[in-house]
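J.: What TrEMBL records for 423 is active site. Residues or ranges marked as compositional bias 'Basic and acidic residues' by TrEMBL: 40-62. Per TrEMBL, region 'Disordered' is recorded for 1-62. If you look up TrEMBL, you'll see 87-108, 128-149, 161-185, 191-208, 290-309, 331-350, 409-428, 434-452, 464-482 marked as transmembrane segment.
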């Protein structure tokens, strides 16, 4: 038994030794094979040609030497490319060069026409007679009338019907008294008349809003007769723009001289009991706006004297001869300076001047305009280029008409009609002639808005809006100047021609 077990264990040891030796030999052969294959691969890589490389890469699915792929041209609409900064810079350079040529041509042809003394004569005929400033000072009478009517209404001394009647008389006087003064006073210049009537028009819109908001406050006070609560129809933000330092007032605590004159001077047409206020006056911001106002004002006056006036004067003969081709040529020649001056005026008034006044009075709402330059429809332009007027029309004219049951189309037409009336009012009365060119120009926006909205989209609509701005205004300017020239200098011109 013992011998048999010893023989079995010896046999197992020999099997283990043999299998281990075989595995080691196989491992050695495998290692040698791997080494050999690695050396062969290195040789192949050293001696591999570009053609073989390209073939191997194609076989692996990675074509690193390909120089073409499926793609669109950059200027195609499907390319998704939008970085045209270089082209925009090129347009600016071409614009500067072309206008520099026009400036040089103008100086060579007419010389320097800018005259500071003539600027003063635009506002004053007689240095001892200042009708426009005196008329603006008189406007305080209408402001005080609106305040004291509201005070009487707040305590119930005057009924709502009587108060409404008195407000109507005051608002009507705001339009008719200055118009009558401008038409009757011979020393009133057209420019002075435009400034005075512009001030009274703004006052009309402001006092109309003042009357409406106080009326809404009285209605809510009657509805909540138990307590005097702040009117929710006169919204304000409690801590917006640093208003924590200001006391919020409630009706009728707002009926003070300080409150109404603050509203008169802030750059808005819509009254509120509590306006959003900025925390402090930024002196650097204020100084920048002031310098912009002074520089741009001088630039506009210089461009009008040097560029626009000679062009308009040279346009009279084609109008008298009814030479259509020359009229069109003069119209296009006038379009460039007119549009350039209009853009400067927009920046001067809606950005520099309004921000200057708002910063000085710490008025927090600085949204005086939106991106009207991206307008693809006419209504979008009119609702975004002058936000104070748009807010007033929406709050005090358009929405009340809808509440009374007027349909949207009729309400929109009424807004355009009112805008056309004020445009004509601010032009015809100072010129002391009634031709309705501004009124017709505004009413022509209605069919133009329909055409652009119906048939033009995207960039085509935006181009149509720009064309209406560039071409439409010079037509009105030429029409009014021609009629004014014929009315005041027609007999002189005929005598000289004879």
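Every residue, even glycine, has its Cβ placed from backbone N, Cα and C.
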J.: Check the transmembrane segment (87-108) against each of 128-149, 161-185, 331-350, 409-428, 464-482 and return whichever range has the most CB pairs under 8 Å.
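T.: Comparing 128-149, 161-185, 331-350, 409-428, 464-482: 331-350 has the most Cβ pairs near the transmembrane segment (87-108).
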J.: How about long-range neighbours of the transmembrane segment (409-428): same chain, 6 or more residues beyond its ends, C-beta under 8 Å?
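T.: Sequence-remote neighbours of the transmembrane segment (409-428) are 175, 179, 194, 197-198, 201, 379, 382, 393, 397-398, 401-402, 434-443, 445-446, 480.
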J.: With pairs fewer than 6 apart in sequence excluded, do the transmembrane segment (128-149) and the transmembrane segment (191-208) have three or more C-beta pairs that lie under 8 Å?
T.: yes
J.: Please work out which recorded stretch in 128-149, 331-350, 434-452 has the most C-beta pairs separated by under 8 angstroms from the transmembrane segment (464-482)?
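T.: The listed stretch sharing the most Cβ pairs with the transmembrane segment (464-482) is 331-350.
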J.: Provide the number of Cβ atoms within 10 Å of the Cβ of residue 423 (active site), excluding the reference atom itself.
T.: 17
